[in-house]
């Protein structure tokens, strides 16, 4: 008898009912005919790859060049590859266990294995991680459009460079407009596959950023205006060794996508495709990460900032430098805007599952859906105004919730 089966034979029915109440799936299952989703025939392979890749390639790509600056090119690239392999292994654990038990969400899996507190631990970790990541996205958009200050140096944003400093293009106003005009419509979708086209566009915009950065770095390399990059870290004391460990959370955060894997898996037309989808996405994202990290560090050297986009506000030493600066920053700001709803999707579902574990699914309650959506957008907006650097946010989320979601919880499931 399956979970939710209406039969009343034997004494098993109350047990199954209890499990369902405590571990209600956080993500919608594929077949929901009673709710009018029967016309949905399943997500395609390409759509799933784009959605998962968009979940992965978010703000992490902007902080990775700073990690390479700390670690050196060779250790940095090796760590990027290593974390990708570990991520594939951990996702494979979750998918294998879920398919064996016909489980449709990460939270449900944790609840099946560890009970109610396991589910709560997972939900809380996803909330902490995703709130931190979405705050980073907001900070990046503010840096790109309104500018940022690093030390005594002010890096002008695009709007400030075009129109000068005004109240209407200040950080608070620009982020508010972005939240209302861009994020609010995109986070209103109730099915992840509805975002497949914006996900495809976001991946394309990330590739544009990589191609332009690589092209500029190669041109300057041939012109002899690029300094020799650091291959290995410089260790000159305890502080330098400690700084190396601060780069690890950034690398870990860059690959966290586990909270959306079940949602993508549930919507697939052929669920046996989830493993090749994960491999394809990780290969694509690793290639983008390595290329971006290498060429951005090669281009800016030791002047690479925590948010490398802030480096694209000065003369790059090539013709039409200002044009390329603006193209890079606009394309990546648009990319981050399109990534936002993918990560927000899982955040909203997990918060609702934590606060209302026994209520019907949030997609079937418009009032609850709207209240949680608006509340989360407001909290993320205010935090982005108050937190000055993406490095601070990444260190917090990467050192806490991201490690739990991506590596510790999957290992615990397998061991149990």
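Note that Cβ sites are derived from N, Cα and C of the backbone, with glycine treated the same way.
Listed in TrEMBL:
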type	residues	note
DOMAIN	43-413	domain 'Amino acid transporter transmembrane'
TRANSMEM	74-95	transmembrane segment
TRANSMEM	120-140	transmembrane segment
TRANSMEM	172-189	transmembrane segment
TRANSMEM	201-221	transmembrane segment
TRANSMEM	241-261	transmembrane segment
TRANSMEM	282-300	transmembrane segment
TRANSMEM	330-349	transmembrane segment
TRANSMEM	369-387	transmembrane segment
TRANSMEM	393-415	transmembrane segment
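Below 8 A, the CB atoms of the transmembrane segment (172-189) and the transmembrane segment (369-387) form 3+ pairs separated by six or more positions in the chain. Of the candidate ranges 74-95, 201-221, 369-387, 369-387 has the most C-beta pairs within less than 8 angstroms of the transmembrane segment (120-140). The stretches the transmembrane segment (241-261) and the transmembrane segment (74-95) meet in space: the count of Cβ pairs below 8 angstroms, excluding pairs fewer than 6 apart in sequence, reaches at least three. Only pairs six or more apart in sequence are counted, and the transmembrane segment (201-221) with the transmembrane segment (74-95) gives fewer than three Cβ pairs under 8 Å, not enough to call it a contact.
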